[in-house]
Every structure is written in C-alpha cells, then in structure tokens.
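TrEMBL annotations:
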SIGNAL    1-16  signal peptide
TRANSMEM  32-53  transmembrane segment
DOMAIN    61-184  domain 'EXPERA'
TRANSMEM  65-83  transmembrane segment
TRANSMEM  112-130  transmembrane segment
TRANSMEM  142-160  transmembrane segment
TRANSMEM  166-185  transmembrane segment
DOMAIN    215-350  domain 'EXPERA'
TRANSMEM  217-246  transmembrane segment
TRANSMEM  266-285  transmembrane segment
TRANSMEM  333-351  transmembrane segment
Amino acid sequence: MTLLGPLSVFLTSLLAIPLAYICNQLSTMKDPVVMLIIGAVALVTVAATPYFLMRNKPQRTDNFFYVLSIFTFASVIDLVIALENDGLIANFMEFYLRDGEPYLKTAHGTMISYWDGIAHYAMYLMILAAQSWNQSYRDVGLYWAASIGHSMLILMPGIFMGSHGMRWPCLLNLPYIVVPFYYGARFLLQGRAHEGRQVKEKTNMQHASLWRRPADIFFIIFFMAAICLAVLRFIAALGGSVQVAQQYRDQLEPYLADNAYPKVQMMVYLFYFLPYYVAAVYGLVWPENTWMLDLSLIHAGAAAQGQFAHIGSSFHYRTPYVHRVPQGGRARFLFWLINGALFLVPQLFAYRCLNFPNFFSPKTVSSNKNENSVVHANPTKKLN
C-alpha cells in the first residue's frame, strides 16, 4: 500500500472537527433520531472516501483498512467530546452531549473518550503504518480489540444501569462492539508467525526452576494479590457488609460507590480478570502453554483501558467530591500503589511473555532421539 491510503484515512478523520462544529449550529440536531441518521451517514461516508481513493490502485488493500477510516473518525470525535467536557473547547459537541449520549458527560464518559481519542488513535496509526510497510500488525490489533472491547463491555451495561437511559444515538456504538469482536477472533485464528516451526532448543530460563526465576515469582505474587483485590473490590462496589470491604471503599476508593460504571468494572474484574489471574499463575508454574502469549496481550489491553478510566474518574471534577480519592497522603499512596500496579504490571507481563515465546512452547523431541530413530530405521551391517 502506498502512503496515499494512510494519508487519506488520517485526513478523513480530521473532518470530524468541522463536521461537529457545523452540526452543533443546526437547530435540527435536537432530535435523537436525526442524530442517529446523520451519524450513520457520516460513518458510511468516511468509510467510502478512502475506498474511492484506493479503488484503482494495483496494491491489494486489507479490509481492515476501511474499518480504520471509521474508527479514526470516531476517535477524533471522542477527543473533541473529552476536551469539551473539560471546558478546553466549546460549541462542538454540546448538542450531542445534551440530547444524544448524555452519559458521556460523566467522569467515566470523559475518560473513555480521552482513551479512545489518544490511545486508540495511536494504535490506528501504528496499524496503518504496518499496512503501508507490509508488516504484521497482529499484536497491535489484539491489544486494540481487547482495549476497545473492554471499553464497550463497561459502557453498555453502565448505560442500562445508569440514570440517563438509552437513546437512539446509542445504536451508533454497535459497530464498536461487533467489529472488535470479529477482528479480535480473526487475529486469534491467524496464529503467530513462529507457530508451526519446531523449537529445537529450550531456553535456559525454561529449564530453570521457579525459584531461579525471580521475575516470575514477582508476577505470581502480583496475580495472587490481584485475585484477593478482585474479590474485595467487588464486595466493596456492591455495598457488601464485610467490614474490610467497607473500610477499603470509604478510606481508599470511594469512587466504587459513585455510579454504575465502577460497579460494572469490578464485576468484570471478578468474572473475567480473576480467571485469567489463575490461568497466568498456572502458566508460570507449569510452562509450555502457548495460549499464554495471546492471553497476556489481551489482558494487557483490557487492563490498560480499564485502569485508565478508573483512575481518571476517581480524580475527575465531574465525580462528586465525596466519591473522589481522599486527600490524605496515606490513602493516595495506597490508591496509586494498587491501581498503578493493576495498570502497569499486566503490560510488563505481556512484554515478558512476548519476548520469551520459547518459554511457552510445548515440549519437542530432542535431536538425539531423532538421530537414534534414524539409526534404527536404517541399520548398518551386522558386526562380526
């Protein structure tokens, strides 16, 4: 693919800024149905623009390229929403936040908009660069699918459980549910580049016992602590009567009692993240499980998005003061220690897994055994 393709997607995404400003000036944009129709037309248009620019080019274009044109456009819109929520700009998305998706005016809505407008947009640019250079973008694609999928997994139940209710423009989120799931499954089915090749030698780290791998011991301790935290924070978010959970919520993370979004987040940690923590401990104690590579990457993407939104919402001015992180130095230190670790350590663990893939390779027959089998299959002459 030539540079024309990525450049067309990048420039098309920037059209979101003038389009948002123009729509904000129209009096007809007070009807949620009209917002849904114009939003759908805009998404189809931004997908068609790169298609018509690239249709006569001899290079083969991946279908994901046209998906990126829609998602980059949406990322710019989300960044505009986040900036308008924080008062840095005005008169761009006021109509949409008032009559379209008012739940995006919350602290959680602001933080997920920042993440989509900055982090996801950066991932799209990385994928576009990989496509233009004919390189694989499977790892970035998996990380993105997990990140945006997790964002939707928290947002959609939060909408139904929240006080704003569902409106017609909410249907514009459907592509961001279906498309990441589809392409995430496709990336998983593709398999890794090194798979299918026989690993002849094991790394020294794989032969070493667990006690000689201090980094893996650290990860195991972290995952065991994360299991306990997942249970504790779930009880705290749902208002359980356990005293330890009540003290944790009141003294460290009062945001857990704010609205539906932290409650849904803690449910995801318990029902989805906790089984992964158990699987990760198993994979470190008993290695040679190839599924650890992709699972660590998927969890890293989901954890990064979830923790960014949770940490930012815990401090954001749109969160009621009584639900923000307490002012005490001890409380803030523990808050950052816990939530910073839940953000950072999954990224380090994914890096550890992807940079030592042989550690998670299945056992193979040694070369000596292969040579002996060849000798027995082709016996020499009988000795006197």
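Using the three backbone atoms N, Cα and C, a Cβ is placed for every residue, glycine included.
Residues 5-6, 9-10, 13, 64-65, 68, 71-72, 74-76, 78-82, 85, 104, 136-137, 140-141, 143-144, 147-148, 151, 154-155, 304-305, 308-309, 312 of the same chain lie 6 or more positions beyond the ends of the transmembrane segment (112-130) yet place their CB under 8 Å from a CB of it. Through the fold, the transmembrane segment (266-285) approaches residues 150, 153-154, 210, 216, 219-220, 223-224, 226-227, 229-231, 233-234, 236-238, 256, 291-292, 295-296, 299, 302-303, 306, 349, 360 of its own chain, all at least 6 residues removed from its boundaries and within a Cβ separation under 8 Å. Taking Cβ pairs closer than 8 Å, the transmembrane segment (333-351) reaches residues 219, 222, 226, 229, 252-253, 280, 296-297, 299-300, 303-304, 307-308, 310-311, 314, 325 in its own chain, all 6 or more past its ends. For the transmembrane segment (166-185), same-chain residues at least 6 beyond its ends with a Cβ under 8 Å from one of its own Cβ atoms are 32-33, 35-36, 39-40, 43, 64, 67, 70-71, 74, 96, 99-102, 141-142, 144-146, 148-149, 151-152, 155-156, 159-160, 298. Taken as a whole, the domain 'EXPERA' (215-350) shows an average pLDDT of 95 in this prediction.
For the domain 'EXPERA' (61-184), DSSP puts the residue distribution at 98 helix, 0 strand, 26 coil. Long-range neighbours of the transmembrane segment (142-160) within the same chain, counting only residues 6 or more positions beyond its ends whose Cβ lies under 8 Å from a Cβ of the stretch, are 103, 108-109, 112, 115-116, 119-120, 123-124, 127, 166, 170, 173, 176-177, 180-181, 183-184, 187-188, 259-261, 264-265, 268, 294, 297-302, 304-306, 309.
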